[in-house]
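Report on the following structure.
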Amino acid sequence: MPGFKLLQSVNVLRKVSFVSAGGDHALILLENGDVFAAGDNRQGQLGVGHNKAVQSAVRVGSDAPVKVVAAGCTHSLLVTESGDAYAFGDNNHGQLGTGTTRSFFFPVKMRTDTLPSKIVSAAAGCWFSLLLLESGAVYGVGQNSFGQLGVGHGSGFHLVPVQMQIDGQVIAVAAGCTHSLTLLATGEVFSTGDNIYGQLGLGNNRDQQVPARMLGGLKAVAIAAGTYHSVLLLETGEVAATGSNSHGQLGLGTSQDQVVPVKMLVHAPVKGIAAGDFHSVLLFQSGDVYAAGDNGYGQLGMGGWNELIQPEHLVLGPQLGAGGSAQVFRGHWKGQEVAVKRISGVAHLEAMKKEIDALRRLRHPRLVRFIGACVQPPLLLVVTEYMAGGSLHDCLFGPRKTVPLSTLQRWTIAGQTAEGLAFLHSQRVVHRDLKSMNILLDSTKHAKICDFGLAHQMCMESTHIARKLDGEGGSPRYMAPECYDAKIGKLTEKVDMWAAGCILIELFAGILPYADCQTMPQLTARTLLSFQTVVFVVSCRLLEPPTWLRSSASWRTQATPEARWR
């Protein structure tokens, strides 16, 4: 079958009832109701009372027998036999449903006492949770920036569960990164939330704030949601999928995204489905298991890394830009437009590998999507999605400034940049080279952060990055004062906040940071004296920003890291 490979057999624990795989952790439900967990635990998502990684499965502290487990990106959910819901892990967006944003390293009961009936199932997305009630109603909690909670708007977050606006009896729920799926007793599938790649199956790429019926008239018996794609198991034993197909995860034998459900190329009836980050898994009635999509970590069970791109499959077009160690081209790869970064020489090979590792690990709607790489020295290429709107810098000061950004577009870009940065920092990753040139826009002027060549992930025990050990880096106009301290410079996420303040200045004042500085000595002196706030306050020529925005930029560009907003 095009796009699918047969999984090799693996050893599993005895008496396992169900397994749920999250961002980098797994929950294992045994037949007796016990729960075991293993993997990444930096946010306490294993529920074992601490935040240290666990290599071998350990029991989660739950007194009541559990019947459902759900693993999200960095949080986890349990539903007990009695119909209660417990949560643990990251709670920055209120996804634990406790009424606060405090994270927990052990299971805590969600605030569900006022719900009209018992909870029978649950699903965990990136920063939100879905609860399915015995009555067929659905409640959601946590982030709602894309409308994934289905409550009629797409903003903010909810700290306690709120009811999804959907008619009919729901029998199953699934959560992607930022979109939600619901399966009705009639076999109809409804979707809501982020639709950037068509994962809602509505025939377009518009986000949805309330659940809408998927197109195609297909009747499903099971649903699964990946990061940006959706998979449906049909009554006929066939499988349909929609959304992102960047790694072939839709099982169509191509890499073309789909905006309506399209039937996969399968040769026999299927009885079970699952969707991961950028891959899909099918269980056939024969007992065979097949998988398609991203195999960057061997998740397809067949070894190897399938993101290696052969240069003969790439067609390079015009140059989009150039830096000190690379050139970027517009190109085509297997029928889709891509951006191709050509590294200048093997001297930069290690930096390239570091960037590839970051791109593969860090998946988020506000980060540029990694497609693959060619590592055949001297030919070194990194391939990512193509952003048709160019860089924010070009839109403000370069060839694209002839079409000015509207005020709403500027607010949106600022907010989306903050979302991407918040995700990086939640993973303890410091970008270290945030600037308007590294904020890319798509054709609708939505923003994504790119260029992770200098990104550094701190371990849980670290409080900072030692500049003298990690080396120089960054763009001088956006570098915080501590970046210039070669002896004892301690770099944290606050260097990114300084850079974010500089970007706010560009967005709303219409000037480059330190625009009057023409030499490095001038720039260094100005940065260390921290005159940036003054420049912003007195030079708002294009727009008159509100007081809160002035304060935001000002506090992000304080000379002392401790004084900066996170």
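Glycine is treated like the rest: Cβ placed from N, Cα and C.
Note that the structure is predicted; figures quoted are calculated from it, not measured.
Database features, via TrEMBL:
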REPEAT    33-82  repeat 'RCC1'
REPEAT    83-135  repeat 'RCC1'
REPEAT    136-186  repeat 'RCC1'
REPEAT    187-236  repeat 'RCC1'
REPEAT    237-286  repeat 'RCC1'
DOMAIN    314-566  domain 'Protein kinase'
BINDING   K341  ATP binding site
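For the repeat 'RCC1' (136-186), residue counts in helix, strand and coil come to 0 helix, 25 strand, 26 coil, using DSSP.
For the repeat 'RCC1' (83-135), the mean pLDDT of the prediction comes to 96. Shown for the repeat 'RCC1' (83-135): DSSP residue counts in helix, strand and coil, namely 0 helix, 23 strand, 30 coil.
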